[in-house]
């Protein structure tokens with residue numbers, strides 16, 4: 001089955017090959033396992049980029065294949081990050097607290113340890129009580145389960161409510177924006193139990209691995225991210241190929257026609273929305289330990305809009321396009337905003353790229369949408385000899401053979 | 001001939017305009033029925049009601065041996081119960097191949113998980129070949145449906161309708177955009193389908209209906225004006241007045 005799957009989806013093979021080669025090159029040039037040409041912080045940037053590519057591939061399945069323009073998928077990404085961050089903070093604080101309490105005359109009770117972890121974590125928001133949502137934070141495996149369950153459940157409930165009411169098109173996009181905005185505003189409150197606008201920090205320090213240098217950890221996370229991207233790519237390539245892919249593309253192009261064929265369209269949308277939400281959560285759980293910090297700003301509406309921009313620039317409706325778009329735009333973005341790009345003096349005005357990058361991004365987004373709707377991925381059509389989807393879609397009406405106005409007579 | 005579908009006292013209005021006005025209609029299985037009527041008579045709305053696209057304001061629609069009401073079912077449930085529809089404008093999935101279009105319509109389980117784990121079967125492939133043969137698109141199976149001519153799209157949609165293996169076929173203007181030979185072929189196809197199933201054909205072309213040689217229902221202003229053989233209804237003065245006399 002794998003054999004036929006790979007032969008029918010050549011892009012999967014090439015994508016995995018390119019990803020593997022890229023990962024090897026980065027490893028060889030890294031500080032941890034190679035000659036150190038690539039700094040640890042840049043390895044982290046590349047690892048984070050792989051996570052963004054994964055969420056972009058998921059976005060492409062929702063938008064490019066199923067036609068649901070979700071502008072809220074970064075909420076699931078952020079939630080995944082929060083879920084892993086809770087365990088990271090708890091476990092690391094636990095180690096520190098236990099060590100410091102060892103010096104005390106009496107050995108600390110578990111309750112004392114728990115309380116002082118609470119004081120350490122929530123002191124910053126003037127509290128020391130563990131909110132109820134931290135109930136699983138002590139257990140790695142339970143919290144890992146939360147990485148999947150919390151974004152998945154939110155996507156499931158939100159999707160069920162939205163799709164059963166047959167909210168579609170721009171109204172659905174607005175609804176998803178409202179969802180991510182509401183979630184981020186809620187998390188900004190100290191009462192939300194996730195440290196308000198401070199967010200969760202120190203996530204780059206893995207509990208119990210203080211002796212392992214960040215250069216090694218960064219490569220480990222880089223490989224984990226690459227593996228997740230590879231697996232996610234194969235998963236989505238499998239989902240979008242075959243009959244399921246046929247049905248969801250049908251939903252994108254003509255939803256009601258699919259309904260009249262007997263398919264429960266809402267069920268399909270919900271399936272895709274939830275599955276991609278879960279994958280976005282997993283991507284987030286790999287991203288934020290590399291970023292080191294997560295706060296509610298990460299799930300502001302703009303984040304999800306960026307996600308849509310990456311996919312649009314990369315090319316909707318093809319998974320590698322979305323992945324390339326995310327990689328290119330997010331790397332360019334960090335380059336332009338780092339201040340490393342020389343300013344352009346115009347005499348009367350100096351273009352500072354840190355300020356003008358967004359303008360450049362906006363212009364390229366509009367340009368791609370208008371001039372090259374297939375995006376970067378469309379470039380591959382130039383080198384591919386395979387039959388591509390024709391431009392011609394939509395109804396062209398009856399042609400010469402059509403006779404509809406004359407009634408009651410027949411050509412002999 | 002047992003009754004397959006029975007509509008009674010169905011009315012529906014859009015913004016005060018009564019598209020369907022106290023319509024009653026019955027079709028057995030097997031039966032072939034043609035529906036004619038001037039523009040705006042409510043032919044498309046009639047099909048929309050049966051397929052669940054439009055909910056009537058009042059009336060009942062009863063279907064099958066168990067006399068289930070179609071009014072409580074969603075479009076996909078109605079389709080799964082055995083009601084297939086061919087639209088007036090050919091609506092095929094233009095970005096997908098002819099084979100994919102037919103495969104999607106094939107009678108199979110329709111749940112997301114069933115479809116995700118669906119494996120191509122030999123029987124399915126044979127059925128697709130068989131349908132392609134019937135609709136004359138055997139050579140076009142790998143082609144993208146968007147490249148087909150208007151007439152071929154009509155054929156493809158008829159093929160998709162047959163692939164669903166429905167008990168009640170609602171066919172809206174099947175002959176539009178077809179050459180005379182193709183129309184003859186369509187007539188044969190519909191007649192053959194009507195040997196086992198219930199087939200409702202909406203058509204403007206009188207010659208086409210004459211060749212179908214079946215009972216005709218004339219719709220006008222949302223209700224049944226006359227019913228009977230073609231000769232019977234065309235000699236009805238009321239029918240001549242509203243429809244044929246213009």
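Backbone N, Cα and C atoms are what each Cβ position is placed from, and that goes for glycine too.
On a predicted model such as this, the values are computed, not experimentally measured, just so you know.
Taking TrEMBL as the reference, the stretch among A:267-288, A:377-398 described by the feature transmembrane segment is residues A:267-288. TrEMBL assigns the feature transmembrane segment to residues A:217-239, out of the candidate ranges A:194-216, A:217-239. When Cβ-Cβ distances below 8 Å are used as the criterion, the transmembrane segment (A:217-239) is approached by residues 5, 9, 11-12, 15-16, 19-20, 22-23, 26-27, 30, 32-33, 40, 43-44, 46-48, 50-51, 53-54, 57-58, 60-61, 204, 206, 209, 245, 272, 275, 279, 282-283, 286-287, 289-290, 319, 323 of the same chain, each at least six residues removed from its ends. Tallying C-beta pairs under 8 angstroms between the transmembrane segment (A:294-312) and each of A:45-65, A:71-90, A:143-163, A:267-288, A:319-336 places A:71-90 first.
Contact counts against the transmembrane segment (A:143-163), taken as Cβ pairs under 8 Å, peak for A:267-288 among the stretches A:45-65, A:71-90, A:267-288, A:319-336. Same-chain residues lying 6 or more positions outside the transmembrane segment (A:45-65) and placing a CB less than 8 Å from one of its CB atoms are 26, 38, 73-74, 77, 218, 221-222, 225-226, 228-229, 232-233, 236, 239-240, 245, 248-249, 252, 272-273, 275-276, 279-280, 282-284, 286-287, 290-291, 307-308, 310-311, 314-319, 321-323, 325-327, 330-331, 334.
Same-chain residues lying 6+ beyond the ends of the transmembrane segment (A:267-288) with a Cβ under 8 Å from its Cβ atoms: 47-48, 51-52, 54-55, 57-59, 61-62, 65-66, 68, 70, 73-74, 76-85, 144, 147-148, 150-152, 154-156, 158-160, 163, 200, 203, 221, 224-225, 228, 232, 235-236, 239, 247-248, 251, 294.
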